[in-house]
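Read the structure below first, then the notes.
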């Protein structure tokens, strides 16, 4: 009896906490949980994709399955999650900000510009600005994640046989932050942010655009079906990624320039880097790792959207129309009191 009473009191306590949370805080929590779960599920594919993107010839030549075998042999299971700590540390605040600011921008546009329709263009604009906002706040963590994932450790046997130099330049997240800041200051922590912004504006906008547009064509009785949400999210992520992938390759190469042993001229800007990759490595390299990215994006975006919707239901986030009505009423009453 005592145990049941404690459980009931604990449940009432959490209910009180949830009810007391403002809507934007609930959206932050829902987005953060969704991002963390989705990113961890696809972490092994993300590691291999980064190695493909950053021109590691020893991985590109052996293909996807060969790369998995090589990492498993030389680094073990932990090798598939190298850099994932920084990745999750980045994606939780990134996803939280991304989803929350999307909802906030969407409400602000509707309330400020009442004549604007609530079609897919609204989702495109709100999603684009939300993506840009989230990138600016979390980019240094993405840079650190890429640098850690870029490092390759050879097994002791392979090192002895092939004289492979151990490439562990950074020992962890804090060490990478510290060394990067000492080398180039704040600019070093934001190296490659330009192609990130160029890529995230269309990608984030298109992702929400396709997702919401596809849901509009779903029959009413199927709108709450989890499998339908998964399919809509998968197709939305796949289409959005295809259009913006070359900028992702440019961003990764700019991020790891100081780690690369290449003697090629330093790539300074986004356009110069894009042109140099196309000229020296071929235009196909701008899509290097895209097949892996498809395997990663499909479950990642699908899981992200689905978990976000489930978390919103668990946290009792009101519908978008209800929130917009409350915000509009507050603005109306505030303006009325000012006039009086």
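Cβ atoms are placed via backbone N, Cα and C, with glycine included.
Just so you know, TrEMBL annotations are computer predictions that nobody has curated.
From the options 169-187, 188-206, 207-225, 264-282, the stretch TrEMBL describes as transmembrane segment is 188-206. Within the listed segments 226-247, 292-313, 314-335, TrEMBL records transmembrane segment for the stretch 226-247. Packing against the transmembrane segment (226-247) from elsewhere in the chain are residues 195-196, 198-200, 202-204, 206-211, 214-215, 218, 270, 274, 286-287, 290, 293-294, 297-306, 309-310: each is 6 or more residues past its ends and has a CB under 8 Å from a CB in it.
Each residue of the repeat 'Solcar' (224-314) gets a DSSP state, and the totals for helix, strand and coil are 71 helix, 0 strand, 20 coil.
Counted with DSSP, the repeat 'Solcar' (118-217) comes out as 79 helix, 0 strand, 21 coil.
Remark: secondary structure over the repeat 'Solcar' (22-108) totals 77 helix, 0 strand, 10 coil, with classes taken from DSSP.
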